[in-house]
Amino acid sequence: MSIHSASPIIRRKSRKIWVGNVPVGGDAPIAVQSMTNTETCDVAATVAQIRRLEDAGADIVRVSVPDMDAAEAFGKIKQQVNVPLVADIHFDYRIALRVAELGVDCLRINPGNIGREDRVKAVVDAARERNIPIRIGVNAGSLEKDLQKKYGEPTPEALLESAMRHVDHLDKLDFQNFKVSVKASDVFMAVAAYRLLARQIEQPLHLGITEAGGLRSGTVKSAVGLGMLLAEGIGDTIRISLAADPVEEIKVGFDILKSLHLRSRGINFIACPSCSRQNFDVVKTMNELEGRLEDLLVPMDVAVIGCVVNGPGEAKEAHVGLTGGTPNLVYIDGKPSQKLTNDNLVDELERLIRQKAAEKAEADASLIARG
């Protein structure tokens, strides 16, 4: 099944909300988001990072707003970027009220630490007045004290109870413009909690494995946990939490969605791990191609196979395929196109991929124009 094949996954039906100009839930594509790790009060640095995230394809960006100074900085940041911004609020509900005045696109509050119900009501009233959605963000590391006492330790049931407590509160306030997350650093706990929650409510679900780890370990945990849920049709937005450059979170997020045929963006590489049969350096070729072609957004399959054992079969299924041989053979749309030697192999392959991407983009645009 290639990247342009339809996904067999039947997604959970959920209510559609809007985060700025981005639809979330319903029949909307699964949104990929990240979070800045700059000092929010450093407006220039935060804006620069958000723009990098936009360039990487981020649909939504979350920004931590720990105090009133950060709230004022948030307002300045909002004026300088195009992507919808979520304000991450903890402890002081008045910060949420201020960023609502400054044009925030979504408010993320943690029910375990935002305070009394009257404070939650004040935030809801401000959100309702300005049509701002709220994300109820439940986290295993910050459950309410009474739930910690009741369950003794974080459990899927504790996460669900925390979430439903605040869902019920919003229901009583007749506020339905919200999404929910129930995150944990343990994959099985998070997956179980999301499964329970998905059966209870119709609101969109924001998926994440919190504090997943560094680039490698966090990618693996997130791919396993989110992959399980997404394959079951659960999830409307995702965030890959990595102790790394936030841009990597966007890349990994799209790679997970591409692997499940839930969303297509950029090149889907098919490459062999290489062995002594290879007729060119597959690893070096792949590393160079991935770096050079990061800017391409057109959904494409590109196969890079080092020998003739699996090469022709994989290459014929790709938009552009390279099979190792003497000389190497390039396939375009499944048909043999030209032979390449190892001299300037990457340069020529990049040229052919970009040429095919331009043709495909033009054809896709023409198809859309015809309706």
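Just so it is clear, glycine is given a Cβ too, placed from its N, Cα and C backbone atoms.
Per Swiss-Prot, the features are:
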- C272, C275, C307, E314: [4Fe-4S] cluster binding site (BINDING)
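Positions of Swiss-Prot features highlighted on the structure.
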residue: C272; record: [4Fe-4S] cluster binding site; Cβ neighbours (10 Å): 20
residue: C275; record: [4Fe-4S] cluster binding site; Cβ neighbours (10 Å): 10
residue: C307; record: [4Fe-4S] cluster binding site; Cβ neighbours (10 Å): 19
residue: E314; record: [4Fe-4S] cluster binding site; Cβ neighbours (10 Å): 20
- Query: For C272 ([4Fe-4S] cluster binding site), which DSSP three-state class applies?
  - Reply: coil
- Task: Report the residues of the chain - excluding C272, C275, C307, E314 - with C-beta within 8 Å of the mean position of the site's C-beta atoms, for the recorded [4Fe-4S] cluster site, in sequence order.
- Result: P273, S274, R277, Q278, V282, I305, G306, V309, N310, G311, G324
